[in-house]
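Working notes, beginning with the structure itself.
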Amino acid sequence: MIIRDVELVKIARTPGDYPPPLKGEVAFVGRSNVGKSSLLNALFNRKVAFVSKTPGKTRSINFYLVNSKYYFVDLPGYGYAKVSKKERMLWKRLVEDYFKNRWSLQMVFLLVDGRIPPQDSDFMMIEWMKSLNIPFTIVLTKMDKVKMSERAKKLEEHRKVFSRYGEYTIIPTSSVTGEGISELLDLISTLLKEN
């Protein structure tokens, strides 16, 4: 997929406040500070998504219109301890409404920090998506920070841990080096049937 143009067209803070569905969309979700905005910017090949040093900054669902046909959807980060219980409930209600009511959603990319073992909140997200029959692919982020000598071991550790939930594609990526970006775009292209 060649991304010719991208524009942030909607910031949804309440359930149902989404733009009309287009030909298709993919969504990105992960723990706070997993590198979601950086990965989106790498996919877009330009700085569109706001990158913050503060975890838990994205508290809305952000819809990016890509090539005037598709949405790339940035879901709020989860697992940040300093967020109040009320905010966590609002986040859950917003994301659950999106998952249940967005028929144009083809795939969720679950971003997991490749440097460390998956966290309990990652497993909870997997179980939640499985219970809602949401298709997902696991994307390991920040792989440039994993030593080359440890990469195969880290990948195998992640594969083994995630295998208890079934067989899932795992794509190692780095928004710094560009690793995995073209593979991710190819997969998205196939999902959205872009030629």
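Heads up, the Cβ atoms here are built off N, Cα and C, so glycines get one too.
As given in Swiss-Prot:
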type    : residues                              : note
BINDING : 30-37, 56-60, 74-77, 141-144, 173-175 : GTP binding site
BINDING : SER37, THR58                          : Mg(2+) binding site
DOMAIN  : 22-194                                : domain 'EngB-type G'
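Summarising model confidence by region, the domain 'EngB-type G' (22-194) averages a pLDDT of 89. Distance between Cα atoms for SER60 (GTP binding site) and SER37 (Mg(2+) binding site): 13 Å, as a whole number.
Cβ neighbour counts within 10 Å, taken over all protein chains shown, single out THR173 as the most crowded of the binding-site residues ASN33, SER37, SER60, THR173.
Cβ-based crowding with a 10 Å cutoff singles out LYS36 as the top-ranked of the binding-site residues LYS36, LYS142. Looking at LYS142 (GTP binding site) and SER37 (Mg(2+) binding site), their Cα atoms lie 12 Å from each other. Under the three-state DSSP scheme, LYS142 (GTP binding site) falls in the coil class. Under the DSSP three-state reduction, LYS36 (GTP binding site) is assigned to helix. SER37 (Mg(2+) binding site) and GLY30 (GTP binding site) are 10 Å apart (CA-CA, integer value).
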